[in-house]
């Protein structure tokens, strides 16, 4: 296992380099990054679960403490204003002593409204990076989330440091551990809710710790792309299981999906075919390849797969041009992954913020970047029986492309999605998900 303490100093050097470049270009004294503040529930005295500013956790693994601030200018040692109130109602965060503290100067803040005493002077020369713009105004910042700075940071976030890649490998290991437990629970007869509990127990995470709401879908629920309902009662007939769930480590996410058939049948054969399709697309990944081209290649391969299984009729190109493949596979091939599950910067052509929109026929694609070394992306092709989309084909004259008898056979199983997390290297791809033993 990689030593994070060894990798972390170079990570800070790289982040400092980025800050120095963009602040010099924009004539800023530096950046003040706010971890965030709790959000109070309406007409209540309870807060929503706290989610830290991703720009904050890019520097250090403090992910659960609001009212913290980070002062960076690209030259000096980063300064952390760490919130430690006197509070007998709640658990107060311990003063950090982890590996990263040697690279960060730490000051303690005991009252959130006294932070001005610890912030730099002449805040009109500094940029505030965070969510709470009203706080930035009160404190007197000269700029708030300036577009040029945000575009620069989001563009370069795609290139992961060795420290970040190490964290993401650990996030993948946690996610795979949960997937193995969830698969066992499915074959043992567990309900969706019980499978969720098995996943959380295996990963040692609570529902507020996972990087996104787990999708635990049995049978036809797998046709709902973002299904999170969690039925407590097992279905009378157990047909299929789709799980889309990840792990978190030091603020970095994994995002993994698998689909299983309860018995050997046509649907199991479909899963195996989709698994081969997914691996073939991953083989195409290399620096210089456009992610859009991978998505389009997926539709080409899916068209042939649909024909092979007699779910459709016609020719592959016609299936694509008529939007038939999009009815079975309506979402994008995947996205960038890192501090956020859908990491920022997926549509940026350059550090100036030039936007590349997805193709008009594929509006839900989340990444249009050209691949480069040290990027991390998901590859997650799908095949679903979604009645609302198929009904559109019936209503607008495209019904003859579909073999409705075969569709009816597959409908009770819901759908298939297979998702791996892949690091693009200069000379090879590193499939973190498969390397950890989670095969299709």
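Every residue, even glycine, has its Cβ placed from backbone N, Cα and C.
The structure displayed is predicted, hence computed values, not measured ones.
The Mn(2+) 1 site recorded in Swiss-Prot includes 255, 335, 380, and the single candidate from 194, 207, 419, 430 that the record places there is 419. Going by what Swiss-Prot states, the Mn(2+) 2 site holds 255, 419, and the candidate of 244, 269, 435 recorded there is 244.
If you take the Cα of residue 244 (Mn(2+) 2 binding site) and the Cα of residue 380 (Mn(2+) 1 binding site), they are about 10 angstrom apart, rounded to a whole number. Note: the CA-CA distance between residue 335 (Mn(2+) 1 binding site) and residue 419 (Mn(2+) 2 binding site) rounds to 11 Å. With respect to their backbone Cα atoms, residue 380 (Mn(2+) 1 binding site) and residue 419 (Mn(2+) 2 binding site) stand 4 Å from each other. Most other Cβ atoms within 10 A: among the binding-site residues 255, 419, that distinction falls to 255.
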